[in-house]
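Features as listed in TrEMBL:
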type     : residues : note
TRANSMEM : 39-66    : transmembrane segment
TRANSMEM : 87-104   : transmembrane segment
TRANSMEM : 110-138  : transmembrane segment
TRANSMEM : 229-253  : transmembrane segment
TRANSMEM : 273-298  : transmembrane segment
TRANSMEM : 337-356  : transmembrane segment
TRANSMEM : 376-394  : transmembrane segment
TRANSMEM : 435-452  : transmembrane segment
TRANSMEM : 472-505  : transmembrane segment
TRANSMEM : 517-537  : transmembrane segment
TRANSMEM : 557-576  : transmembrane segment
Amino acid sequence: MVGCSWMWSHRNYLIILLTPLLLLPLPLLIPTPEAKCGYAIILMALYWCTECMPLAVTALLPVVLFPMMGIMESGAVCVQYLKDSNMLFIGGLLVAIAVENWNLHKRIALRVLLVVGVRPALLMSGFMGVTAFLSMWISNTATTAMMVPIAQAVLGQLCATEAGQDERELQVEGKDNQAFELDTKAPQEEDTKQDLVKIQQDYMYKDEERDADSPLERRRKERELKYQLLTKGMSLSVCYSASIGGTATLTGTTPNLILKGQMDEIFPGNGDVINFASWFGFAFPNMIIMLILSWLWLQFMYMGFNMKKSFGCGKKNEGDKEAFAVMKEEYRKLGSMTFAEGAVLTIFVLLVVMWFTREPGFMPGWATVLFNKDGAFVTDGTVAIFMSTLFFIIPSRPFCCGSAEEEEGEAGEEGKKKQKAPAALLNWHVVHERMPWNIILLLGGGFALASGSEASGLSQWLGESLAPLQSIPPFGISLLLCLLVGTFTECSSNTATTTLFLPILASMATAIRLHPLYVMLPCTICASLAFMLPVATPPNAIVFSYGNLKVMDMVKAGFMLNMIGILTINMGINTWGDAMFQLSTFPDWANITHGTKP
């Protein structure tokens, strides 16, 4: 028993040491470049799945393994770690950091929620819409961390108000028990969870003083059940919509950028088939459909379909007004929009417009007319870095409003005032703290694996081995692969999942003469749809940490949403996706990559 406990506590060290030794017969018995590359990929896959080492450290293994095994030269491997897709990722993150730094995302969220209102169904749809929109541009984790406390505060006020009404009824009926005092102040975000627990405990202690069969007691139980279900539904709606929203833009989540990078690495002549505009054209309608279906499913699970109660008709009650006041107070605390917020918003809007118009597809974009006549000189990464650089140039307030600070003069005189220039919208200290540098290494590790697979011939060998799949209808292949990836990503990082699967899918597609995007695109989106387990994604873990959910709550709701996502994506890839990317034909750029003839 002690030995088992020791092995479990030291499991990471055992995996790190024993895994390469157990896999060593593969390159020793089959001393071919394909087997050596396979050894490196399997080793990295096991390290990624078990997370025995940090994911980013595992992503650096190709720098060591590929040169030592004679697969690629060190310089050729290292250059994979900072490609155009990484620049696009860095630029997108700089924009997200600026938005978060000036609290612009919270202003947008609260403004929309004030418009939507606090009736249950409308409130859930409002939270889902706002969360999905924000996660299109900033990280899913940051969006969830901001939205969940707001949701908890609103629900806490609704519950407290309704409880107070029941207590006042007790007093009117002449009950001796003292009703707890209703706090009319807006609950703070960090105290909301405790408030909800306290309310439930207060009523538990008063159960002995109440008649279990009284109408008031029945209403209390119904109210507790209602808010318990509403809290669960609202929490799940936030984390699920964060994951769904991230699929809508190329920079919304890491797997999207991995697909972009892998396509450019494996199929260099693809003609920039995946860019910001083309991705948005396919993924945004899919995101809207998934969001609506997810809202309907969560509405059915946790609130039912009583439209009168869910949507509300007529005059607002006291609970609605006080819950609305919570959001209004939070919005008031933000004050009026500052110069810095306006500048960040302007840069953000200009960046999105430039991304859309760079190469829209249906007409020549500004980059084609001005720069890209003789080649793809200007990419989405170029635009992202250019616009994000402005954050370090533009001041956070007008120069005419620079602050005068008292400083001690050179001769020790006090009271001298020196005009201080305003700080820029962003500084490197903030960026250094908030930039997820590990993801950049993860992206590079994926590109290095794809390059090593091509150089060693492993990709071609895998493609030939998967050739019998040609007898299966394409939609069946796509559906099965989406189910496989969707299952795998529940217990593994979505970044690691796409990094491992995409090169294999590309090899398979070229071997059976299927458009690579027909399988790579839906599987990439499915990698982001991890809804069933708290450990599957950071947004799931955040809402689970509040203590309102059980694992089975997430499993029951998430299983159906996984099925909805897979079916929706496959519907999209066979309808408007086919029209956008001509997925029914095998492209010449995919055929040329592996040196085969049509």
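In case you wondered, yes, glycine gets a Cβ from its N, Cα and C as well.
The transmembrane segment (87-104) is not in contact with the transmembrane segment (517-537), judged by fewer than 3 CB-CB distances under 8 Å for residue pairs 6 or more apart in sequence. Listed by sequence, the residues of this chain that lie at least six past the ends of the transmembrane segment (376-394) yet keep a Cβ under 8 A from its Cβ atoms are 84-88, 90-92, 94-95, 98, 250-251, 272, 275-276, 343-344, 347, 350-351, 354-355, 358, 367, 370, 424-428. Just going by CB pairs under 8 A, the stretch in 273-298, 337-356, 435-452 that sits most against the transmembrane segment (39-66) is 435-452.
Under 8 Å from some Cβ of the transmembrane segment (557-576) lie the Cβ atoms of residues 236, 240, 244, 281-282, 285-286, 289-290, 293-294, 297-298, 301, 475, 478-479, 482-483, 486, 518, 521-522, 525-526, 529, 531-533, 583, all in the same chain and six or more residues away from its ends.
Per-stretch counts of Cβ pairs under 8 Å to the transmembrane segment (435-452) identify 472-505 as the leading one among 110-138, 229-253, 337-356, 472-505.
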